[in-house]
Amino acid sequence: MERMNGPALQQLPLATAAGPRLVHEDSFSYKENLIGALLAIFGHLLISIALNLQKYSHIRLAGSKGHRVYFKTKTWWCGLFLLFFGELGVFSASPFAPLSLIVPLGAVSVIATAIIGIIFIKEKWKPKEFLRHYVLSFVGCGLAVVGTYLLITFGPNSHETMTGENITKHLVSWPFLLYTLVEIILFCLLLYFYKERKANYIVVILLLVALLGSMTAITVKAVAGMIAVSIQGNLQLGYPIFYIMVVCMVATAAFQATFLTQASQLYDASQIASVGYILSTMIAITAGATFYLDFTGEDVLHICMFALGCLIAFLGVFLITRNKRKSILFEPYISMDAMPGMQNLHDNGTAVQPDLKTSFSYGALESNDTISEIYAPATLPVVQEEHGSKGAPIPPYRVTEHSKEE
């Protein structure tokens, strides 16, 4: 009996000690996720405030009489510093939390932008009009907050030390190689349709941005993780994979900025924000699941709740951006104020054309049906010319030249 009780008593502390150890590991991973999520939320808040400060600086300069450049204003520089610290906060969140948890928290920036826009709005609304005008923004903010809570609560708990060996092992793994092959093929096809076929659809452009953004997210987490491990004492900067990741991070970020600039010239900013957030988040989560194996060991309930949080956040961002006013991309008249020697219609202004809503719309690209006949433009005599071939297209009119005898 003593021989039987001896090993049993020896195994009992090991068995009882295993439970607290697993609980401690789970609580430690949850604390790391919480630290990473809070850093990302704080970074996105600073980014939103910074962009609004810079936009406020540009608006003030546009309304002022003097000719001042934006980089000489304190407001713009304050926004730039806040933007730097915000990006630093998002970058520092990468070593603590999985990539699939950090990326969807970009909804915080959209929420903060909507709240700042409502607080600092200049128009005066009555309570009923204000509630009716911004009901979608309030509902969207609520849904985005609920989605963010679900993302943090049910986010993946996979944590791995970002050493050079681990990153190299993930880089040559067959799931990531297959994912990279599919992404390269899809990127080349989209680039062909965008450049050669002139398919300037918002989904095409933002898919290009999202594909590049997934690689940027992977490299940012790798670089930030290796820097964090190096700070802890295990130097990782001697591995070539670190510099490869840095080059890929800078290159993909630069190309993202190029495509985003082209998209902003064609589409409204609210459309770019909503569609870009949804596409970038979905593809970045897929990239994190294939490269870092974020969802390995997670149960089905956590994965479903995490997916539900993403969908709720997507819907919230869509409702927030749907309520924003569309900006006018161009003025519907021909501007000639830059032409040398052209006289102005106004003595103290720079506009050549009068307002569109007046009775006289010289040069305006709109219907002139309501204008009096005395303001109708002079027309040249035209004559239709019939062609012998029936299949050839017939031009509607042709300008004829009059000789001196006529």
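One is the number of the first residue shown, and numbering goes on along the chain from there.
Using N, Cα and C of the backbone, Cβ positions are placed for all residues, glycine too.
Automatic prediction, not curation, is the source of TrEMBL annotations.
Below 8 angstroms of C-beta separation, residues 75-76, 78-83, 85-97, 101-102, 105-106, 108-109, 112-113, 116-117, 120, 148, 151-152, 155 of the same chain, each at least six residues beyond the ends of the transmembrane segment (34-53), sit close to that stretch. The feature transmembrane segment is assigned by TrEMBL to 34-53 (among others).
Nonlocal intrachain contacts for the transmembrane segment (74-93), taken as residues 6+ away from its ends with a CB within less than 8 angstroms of a stretch CB, comprise 35-37, 39-40, 42-54, 56-58, 60, 102, 220, 224. Among the features that TrEMBL reports, transmembrane segment is placed at 74-93 (among others).
The annotation transmembrane segment is assigned in TrEMBL to 99-121 (among others).
Per TrEMBL, transmembrane segment is recorded for 133-152 (among others).
Here TrEMBL flags 172-194 (among others) as transmembrane segment.
Residues or ranges marked as transmembrane segment in TrEMBL: 201-229 (among others).
Here the transmembrane segment (241-260) has Cβ contacts under 8 Å with residues 164, 167-168, 171, 205-206, 208-209, 212-213, 215-216, 219-220, 222-223, 226, 272, 276 of the same chain, all six or more residues outside its ends. For 241-260 (among others), the entry in TrEMBL reads transmembrane segment.
The transmembrane segment annotation in TrEMBL covers 272-293 (among others).
The transmembrane segment feature in TrEMBL is assigned to 299-320 (among others).
Taken from TrEMBL, the feature region 'Disordered' covers 386-406.
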Annotated stretches the transmembrane segment (272-293) and the transmembrane segment (133-152) touching (3 or more Cβ pairs under 8 Å): no
Cβ-based contact of the transmembrane segment (99-121) with the transmembrane segment (299-320), 3 or more pairs under 8 Å: yes
